[in-house]
Amino acid sequence: MTQVAKKILVTCALPYANGSIHLGHMLEHIQADVWVRYQRMRGHEVNFICADDAHGTPIMLKAQQLGITPEQMIGEMSQEHQTDFAGFNISYDNYHSTHSEENRQLSELIYSRLKENGFIKNRTISQLYDPEKGMFLPDRFVKGTCPKCKSPDQYGDNCEVCGATYSPTELIEPKSVVSGATPVMRDSEHFFFDLPSFSEMLQAWTRSGALQEQVANKMQEWFESGLQQWDISRDAPYFGFEIPNAPGKYFYVWLDAPIGYMGSFKNLCDKRGDSVSFDEYWKKDSTAELYHFIGKDIVYFHSLFWPAMLEGSNFRKPTNLFVHGYVTVNGAKMSKSRGTFIKASTWLNHFDADSLRYYYTAKLSSRIDDIDLNLEDFVQRVNADIVNKVVNLASRNAGFINKRFDGVLASELADPELYKTFTDAAEVIGEAWESREFGKAVREIMALADLANRYVDEQAPWVVAKQEGRDADLQAICSMGINLFRVLMTYLKPVLPKLTERAEAFLNTELTWDGIQQPLLGHKVNPFKALYNRIDMKQVEALVEASKEEVKATTAPVTGPLADDPIQETITFDDFAKVDLRVALIENAEFVEGSDKLLRLTLDLGGEKRNVFSGIRSAYPDPQALIGRHTIMVANLAPRKMRFGISEGMVMAAGPGGKDIFLLSPDAGAKPGHQVK
């Protein structure tokens, strides 16, 4: 069935221009690229764009640390990012920057329309201000104690321990991340986007059925909580676009970042002249399709602020958001210390791009699920699927065709019904690519690969080749195998661009979706060359080690206590919550006969007595001095039978050991039995 050609604009979230691309980023760009390549194979007009997100305080401060201008830093980072994406064969039509004249003009245009339409409000707010650096502090540049769970060293917008959200002014004992100074409160006039005015429109958009169910459900929670006005301004000093007629005020990075999609496309239109129309894709009544591939961490901005901004400034809204989950490696969060925080460029020094493209694709679906890159499974799957099932199908047949028949395929199919089974699968596989059910598409393709290899096994061309008078049979069998290989590679073309190029060179024909309906008969193929090499765990080990070495090279050496006693593996809040810490009064302290390390402590928990053995004797030669002190103990530690008796808990102490052990004590006012929270 012939499809009507569509005009489609596809974007990926804009990478922030203060760091390298890593394998977490690559999931999204690979997912989008596979989808885009499939759309192009089906004859649709696709414009695939991206840009660097190049504004904000973090970029300004990092440039200062490096002793260069922000413009120089983002320019160098853009080149690095584009090199990485090209290395993974991401087929962007344009890659730009939010720090561009196109983006400035569009940001000012959208702001002016929102203002004219009454959606921009002014009001004075109180903010934390760094008196040493002379700057207002964004949320992430303030740290202090969480006002909810009292965990120290938490950012100014949310607690990474208990998950609570709050404003920077709610932090206990806040400190500037920039200078370490205690911030002060200062008033400043800010500009707010009236998001609540768009609640009805956004709810209708949510109910349209276009969005993923998980996204729609999350949006409904936000609607029920009530939408708030959105602060779209920041005070100088700030690296970004100054707001028109508001000296010293700048657009918040999240205002001009999504407009960067438009800016990059405008840049592409200007390059191509009349062949692409900006208005055709962005005007209010546009019939072109607009899709944003994004991670689940930025759904809020793309599902609420962005469509509301577009609606309020008379531009079209996205057709849909395609949201994905995070990447874990070997079942855990990417870790620099374990060597699993892997940069895109590091990967390409050890593996080809097609291998990761295939592994991610095989695991992706249309749901917002996290993807685990299990490196051992990665090696096994790439070898089993790409090498053993697909490439091997070509290699085990091509030799006979090249040597015995001068590269010419048979003039008829040996098994037309089997070939029809392969071509009939185009509809199911195509629908899976279209609906982003990538894992399903791969499973369907590999099931066909199994059928193809079973055919070759049953026909045994290596046996036929030794039998006189069966040259025609040999040519027919091997030609059938090569034709089935051609169909498989056509289905895999969106995923494996480099392998596809080599396959097309061997087959001496371009692989097209509709082309498989006509098998290659009497066709001359080129001499077969190895299409793909097996991979092994030694490459994985080298990759992990290289990632560790990169971290060492870019990280200042740790000195002091952390050098001798590194921080342990991360635990979850649920794990931490199991530990019951209590204030205890030391009623008695005495030596333990037969031990030169232990003291026996009698602790009062406020109505309950505990006997605890503690290895602090070297630091407290006079145990009587501890009597009457308050300390902290682990109250729910299972009793431990020791040679000297049963220890019913553990007291908390710090220090490297020996004489340098320091028993922890609470502030004055804490009572025995109080829980430490």
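Yeah, the Cβs are placed from backbone N, Cα and C, and that goes for glycine too.
A Cβ distance under 8 Å defines the sequence-distant neighbours of the motif ''HIGH' region' (15-25), meaning residues of its chain 6+ beyond its ends; these are 50, 52-54, 56, 58-59, 62, 73-74, 77-78, 80-81, 84-85, 97, 326-327, 329, 334, 341-345, 347, 356, 373. For 15-25, the entry in Swiss-Prot reads motif ''HIGH' region'.
DSSP assigns Cys146 (Zn(2+) binding site) to coil in the three-state reduction, outside any helix or strand. Neighbours of Cys146 (Zn(2+) binding site), defined as other CB atoms within 10 A of its CB across all chains, total 22. Annotation source Swiss-Prot lists Zn(2+) binding site at Cys146, Cys149, Cys159, Cys162.
If you look up Swiss-Prot, you'll see 333-337 marked as motif ''KMSKS' region'.
The annotation ATP binding site is assigned in Swiss-Prot to Lys336. Neighbours of Lys336 (ATP binding site), defined as other CB atoms within 10 A of its CB across all chains, total 15. Secondary structure at Lys336 (ATP binding site), taken from DSSP and collapsed to helix, strand or coil, is coil.
Among the features that Swiss-Prot reports, domain 'tRNA-binding' is placed at 575-677.
Annotation for the binding-site residues Cys159, Cys162: lowest Cβ count within 10 Å of the residue's own Cβ, Cys162.
For the domain 'tRNA-binding' (575-677), the number of residues in each DSSP class (helix H, G, I; strand E, B; coil) is 10 helix, 46 strand, 47 coil. In this structure the C-alpha atoms belonging to Cys159 (Zn(2+) binding site) and Lys336 (ATP binding site) are separated by 22 Å. Here the C-alpha separation of Cys149 (Zn(2+) binding site) and Lys336 (ATP binding site) works out to 28 Å. Remark: secondary structure over the motif ''HIGH' region' (15-25) totals 3 helix, 2 strand, 6 coil, with classes taken from DSSP.
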